[in-house]
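Quick notes on the structure that follows.
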Amino acid sequence: MTPEALLAFDREHLWHPYTSMTDPTPTRLVTGASGSRITLDGVGEVVDGMASWWSAIHGYRHPILDEAVRRQLDSMSHVMFGGLTHEPAVELARRLIDLAPAGLDRVFLADSGSVSVEVAMKMALQYQRGTGRPERTRFLTVRGGYHGDTFDCMSVCDPDGGMHAMWSGVLPEQVFGERPPPLGGDVDAWAAGFRALAAEHADRLAGLVVEPLLQGAGGMHPYPAECLAVFREVADEHGLVLVFDEIATGFGRTGTLFAAEAADVAPDVLCVGKALTGGYLSLAAALCTTEVARGLSASDSGVLMHGPTFMGNPLACAVASASLDLLTTGDWAADVRRINTGLQALHEIDAVDVRVLGAVGVVQLDHPVDVPEAAEAALAQGVWLRPFRDLIYTMPPYVCTDDDIAAICAGIAAAAEAG
Ligand SMILES: *Cc1c(COP(=O)(O)O)cnc(C)c1O
């Protein structure tokens, strides 16, 4: 099919994320990707400022990751995980337990980030049942979060400004604290309100679900590490299962391997996804402590009632292990620091707010971005961006060179001007 025919069919028949079927925004045809670049039909190679929604940390067509998938194909691409296991799953779990904050040594392999959050929430609910508190069925969280698109995940997303606001009345009603203050903000004032809210609702709360250190798709909002200690204390004081959703922040993005490390706080359940496979295949995991695993196994059913068809997919596990090995044997921390330095140029852009944390750069405008206009302006600078709401941001692959990062900053400046 010609590019025109592909795009015409796509426009008629394929859903894209958060997009109208009757009046879709423009879609571009990708014909290849390599390193930090994607190739767009009619445009050519551009730097990928989005790392395919924050996942392709090592860049595209990495020889070691390509080889890991090929090698796994030669033995098997998939088998069911019910009653069966395999080396790729065991090897990945070993690595995750090794890298994750201490105590998280029970691994549930899920097929997407949203599913891992569903599993984490189910773990918390079943844990409360198993420990004699079945009346604890609600969750505490903070405003401004994003935890996925399935129903229980949506219930802990930001209830007002977020992408799931239209579902109020349909979703389980959770308890929302104020969004944590920005970096340099008043943690004590926020913490006092959050502690009071938790105390008020404690009898009915099963768990506390938050994105540590950086709220991603809910508004690209970094907040002080001290807030993580407050989450841990509140969870301990009231017997809540503390879930850290590190699907966006995990694997070095904010400057530590996990955002939780910034405050030396360990959750009871940790969700990882996105960058887990280096952006190759859909895979996520929910890791929990032995205590949570024992508690929930004492509930009526005695088992964790979840088991996706493609649980523990060997191809995905194999490439995830290879990606983690690349991280641990390479110097991702130096790359993230280097990218952070390059992204400081964003502060020159005239905007309501500019936020840079780790390998994340965010420019907030005083109006909703005209996404097609802004994306077009960035492409003219050789950069792929996908702004949302009033935000133009980048979470680039760690393999970006200094020149790539300079191009991304120029792309964001052009997008801010145009959109
Ligand atoms: C992307 C994301 C999810 C959802 O992951 P999917 O793989 O898209 O289902 C959940 N939580 C956070 C913090 C995310 O960034």
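Note that the numbers count up from 1, one per residue, in the order the chain is shown.
A Cβ is built for glycine as well, from the same backbone N, Cα and C atoms used for every other residue.
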Residue among D48, D186, D236, D245 sharing the pyridoxal 5'-phosphate site, where TrEMBL lists G113, S114, P308, T309 as binders: D245
If you count, for each of the binding-site residues S114, T309, the other Cβ atoms lying within 10 Å of its Cβ, which residue has the minimum? T309
What is the number of other Cβ atoms found within 10 Å of the Cβ of P308 (pyridoxal 5'-phosphate binding site)? 15
Based on Cβ atoms within 10 Å, give me the single least packed residue among the binding-site residues K274, R386. R386
Taking only C-alpha atoms and a 10 A limit, tell me which of W53, Y146, K274, G307, R386 are near G113 (pyridoxal 5'-phosphate binding site). These are the binding-site residues. K274
